[in-house]
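**Q** Dropping the structure in here first, questions after.
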Amino acid sequence: MTVSQIPIAAIATAPGRGGIGVVRVSGPDVGAVMRAVCGRALQPRHATYLPFLDARGNVIDHGLALYFPAPNSYTGEEVLELQGHGGPVVMQMLLSRCLEAGKDIGLRVAEPGEFTRRAFLNDKLDLAQAEAVADLIEASTEAAARSAARSMEGEFSKAIHALVEKVIHLRMLVEATLDFPEEEIDFLEASNARGQLTRIREDLAGVLKQARQGSLLREGLSVVLAGQPNVGKSSLLNALAGSDLAIVTPIAGTTRDRVRETIQIDGIPLHIIDTAGLRDDAADEVERIGIERTWEAIRHADIVLHLIDAADYIEHGISETDDHIDDRLSGQLPPGSPIVRVINKIDLAPSVGAMGFGGNRPHVVAANGPNPTEIWISARTGAGIDLMRSELLRLIGWQSGNEGAFLARERHLIALRNAESHLELAEASASQHAQALDLFAEELRLAQDHLNSITGEFTSDDLLGTIFTRFCIGK
């Protein structure tokens, strides 16, 4: 038997107790399981309330049974779904009974994601839609769930297919010019091939922009709170989270280890990490280890908020220690990850200090040369917290109220960027016309391959295995 000819079964609902639990069976000849467990054949696509029977005819449970003939099912195969009471013992008994009834047809327990993988292999959905199924299940915000649902409905795939069709059309023109060089008609000039390529690149840029937004919804951002001891990092974490997660005292070095909390800003998950204060003279070994872990968190951060005491900053400007922290942050952060100075405790700061500027009101100072963006707040009173949220969204390029976004993964962004690079090379080769038509055609082909990898039309088995094994068992 091939994989598609072997029937599979699994508990499709989450582990634990619940009002309803579902056992799903998919594959050829599941009618044998249906008749054994349900006691009779079922009318296709109709829910039937009946007892589920063991091998001796004793009742395991009462529930709903649904039978979907191929190809009109989730997997494209015959599917039987048994909906009973959601206790773990009952569900395991029902699954065991299905496996027992299906032993003659080779029924086995499904691997993680195998139902959805079969749906993909049977053309019930493409790879981007299949990934969206898992993303919908794992969505951590309402906005992420809505975007995953749009991807599952095919919004992302439609955008990719539209790009691929345009690339194919342009490839046809280039191939025609290569195959019939003696023709008097210049296919590329007659069809404005360069204009077509420009429009394709513009369309791709639009899809990539939407995909970046979707990636923010799915992945969220890692935001590290860093700075010297006792500058209000834990207070800021509590203010952003809306609860007292971290211990706050006037004693420097209170936070010894990282404290992590996930919050939402406009639907984007922000993973806020409070860290040990940064100083050279750690009080003890525990604090030293905490500082090392701070720098480890910084090396994986998307944004670092460098907190600075407002009163000291107004009186003396950036201190030598904070300037050194900024320099080290620049060297430790991943490329493209911004540093934001958060000037905290403005409620305790004078209106005008020795440096000649005021700081007892919330405001933002835009980045200027080597100086990063500054946000002036009071974590204790909450002044400026909403301003900070808005500024963080601006810094990451988030478009508020972007209801049209679809969810995207890192591999999608990589594929889109690779396609973008090949289209750029295609445009460069097009300027050489006849001398580089072969190169022009090849770059278009490579761009098409990268786009097709998103929907699974050109995808390695290794990638498929990686994607589907991350699903839950019953999906």
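Just so you know, glycine gets a Cβ as well, placed from its N, Cα and C.
When I checked Swiss-Prot for this same protein, it listed these features:
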BINDING   Arg24, Glu81, Lys124, Lys475  (6S)-5-formyl-5,6,7,8-tetrahydrofolate binding site
BINDING   230-235, 249-255, 274-277, 378-380  GTP binding site
BINDING   Asn230, Thr249, Ile251, Thr254  K(+) binding site
BINDING   Ser234, Thr255  Mg(2+) binding site
DOMAIN    220-397  domain 'TrmE-type G'
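Please situate the listed features within the shown structure.
**A** Cβ neighbour count for Lys124 ((6S)-5-formyl-5,6,7,8-tetrahydrofolate binding site) (all protein chains, 10 Å cutoff from its Cβ): 18. In three-state terms derived from DSSP, Lys124 ((6S)-5-formyl-5,6,7,8-tetrahydrofolate binding site) belongs to neither a helical nor a strand segment and is classed as coil.
The Cβ of Asn230 (GTP binding site) has 20 other Cβ atoms within 10 Å, all protein chains considered.
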**Q** Please identify which of Arg24, Lys233 has the densest Cβ environment, defined as other Cβ atoms within 10 Å, among these binding-site residues.
**A** Lys233
**Q** Find, for the listed binding-site residues Glu81, Ser234, Ala276, Ala379, the residue with the lowest Cβ contact count at a 10 Å cut-off, counting only other Cβ atoms.
**A** Glu81
**Q** Kindly assign Arg24 ((6S)-5-formyl-5,6,7,8-tetrahydrofolate binding site) to one of the three DSSP-derived states: helix, strand or coil.
**A** strand
**Q** Using C-alpha positions only, work out which of the binding-site residues Arg24, Glu81, Lys124, Ser234 is nearest to Ala379 (GTP binding site).
**A** Ser234
**Q** Quick one: pull the CA-CA distance for Asn230 (GTP binding site) versus Glu81 ((6S)-5-formyl-5,6,7,8-tetrahydrofolate binding site), whole Å only.
**A** 58
**Q** In whole Å, how far is Lys124 ((6S)-5-formyl-5,6,7,8-tetrahydrofolate binding site) from Lys233 (GTP binding site) when you measure between their Cα atoms?
**A** 50
**Q** Quick one: what's DSSP say for Ala276 (GTP binding site), helix, strand or coil?
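**A** Once the DSSP labels are grouped into three classes, Ala276 (GTP binding site) ends up as coil.
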